[in-house]
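Copied over from TrEMBL, here are the features:
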type	residues	note
TRANSMEM	7-27	transmembrane segment
TRANSMEM	33-54	transmembrane segment
DOMAIN	50-186	domain 'SLC41A/MgtE integral membrane'
TRANSMEM	91-116	transmembrane segment
TRANSMEM	136-156	transmembrane segment
TRANSMEM	168-191	transmembrane segment
TRANSMEM	197-220	transmembrane segment
TRANSMEM	227-249	transmembrane segment
TRANSMEM	261-279	transmembrane segment
DOMAIN	263-384	domain 'SLC41A/MgtE integral membrane'
TRANSMEM	300-319	transmembrane segment
TRANSMEM	325-345	transmembrane segment
TRANSMEM	366-394	transmembrane segment
Amino acid sequence: MISNPVFFFLTKALPSVLVSIAGLIAAGELLDIYLHWDVFIHIPELFILVPVLLNLKGNLEMNLAARLSTSANLGDLDNPASRRRLVIGNLALLQVQSLIAGCIAGLFSFILGILIRPSNDASTYYESMLVISSSMLAASLSSLILGIFMCILIILSRRFNVDPDNIACPMASSLGDIVTLVILATFARLLKENMESILSTVLVIVMVVLLPGAAALVWTNRSVKQLLFTGWTPIMCAMVISSLSGVVFENFVDSYKGLALLIPVLNGLTGNIGSIYASRISTALHGNRQESYKKVEQTLLLMNIPVAIILIFVIWGFDLGEFPVNAWFLSAYFIVSMACAWLALKLAKSMTLASWKWGRDPDNTVLPFLTATIDVISTAMLVITFVLFTMAGFEGYKTSTQS
């Protein structure tokens, strides 16, 4: 794999990243629509929950993709018995992780929302149950859908001699955002119509009751049993880190046009590039092979150029986000995108090598820290760009309500 020329690696990695653009733009456009729904307006804690939940869910699914990609490249998926055991075990593990992460993300976002807006009217018990139940439902159902899809994708990649390291993480990230957003917004809207009832509470209880069953399935599976109690520290730390981007998002999304569209797109693309690199390095380390770091870094950074250009012209051509796309903005976004991609590559390499050096499996520890950190950096850089454009006198970027 490492002897492949740059062009061969590019042809394998670029198509999946290009496909992920469509998913990320769709996720951004959906988020731009959902933010005007009644449930988001009346329960602003959902603003904070969105980036926190998307990051958590993305981490879980990309960890699954990284683990199965490594297993595929090591030949563990070639045997039907071991393949079945790995797939079932990983899907059950994903449900355990998703239910717990969804519950914690919902509760954490609700508490954080109260703390940063103490002057607002007191939030109710029913609102807290709505946020938590919506978060758990979105996490569980999207994990089931995406988990099955990723397993099929990686098995087919192995069968057709395609390196899953180059395609699994980008697909998991972009499709996961869409599925999670749709489920979260839909259930939050439905539950708001019955908010003063015990429906949300009952749903939370049902999901908590189902949790031990999924955990028992993992415990009896020797392929994933050891993962039941490991990997939680990076996931929880990533939640705290990504909450910073949630607070920034909640404070600025109503002030600037296009932020709701561009933030998930930029976060997703830079996270995808870093995840591809981290997954490749991890596979090389597990296989005791040397990765061509400089060559892969240069290739992925160069790959970001056409991706960023295509993204910009898609937004401009379809008039997405309802903000002016001029030469100054195109240049600024391109610089921000390249800077974030470069940082993602450097962080991916340093985190993966450090994790391996410290005796930790990079497949379970690196991606949560990497994507959460990139989310905060890219969100902050994008917000700063919009603020500077407004301060410089460019019109059309600030919403009319904030003018």
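Even glycines carry a Cβ here, placed using N, Cα and C.
Long-range neighbours of the transmembrane segment (33-54) within the same chain, counting only residues 6 or more positions beyond its ends whose Cβ lies under 8 Å from a Cβ of the stretch, are 102, 105-106, 108-110, 112-114, 117, 123, 127, 130-131, 134-135, 138-139, 176-177, 180-181, 184-185, 188-189, 192, 239, 242-243, 245-247, 249-250, 253-254, 260, 263-264, 267, 375, 379. Of the two recorded stretches, the transmembrane segment (136-156) lies close to the transmembrane segment (197-220), with three or more CB pairs under 8 Å once pairs fewer than 6 apart in sequence are set aside. For the domain 'SLC41A/MgtE integral membrane' (50-186), residue counts in helix, strand and coil come to 118 helix, 0 strand, 19 coil, using DSSP.
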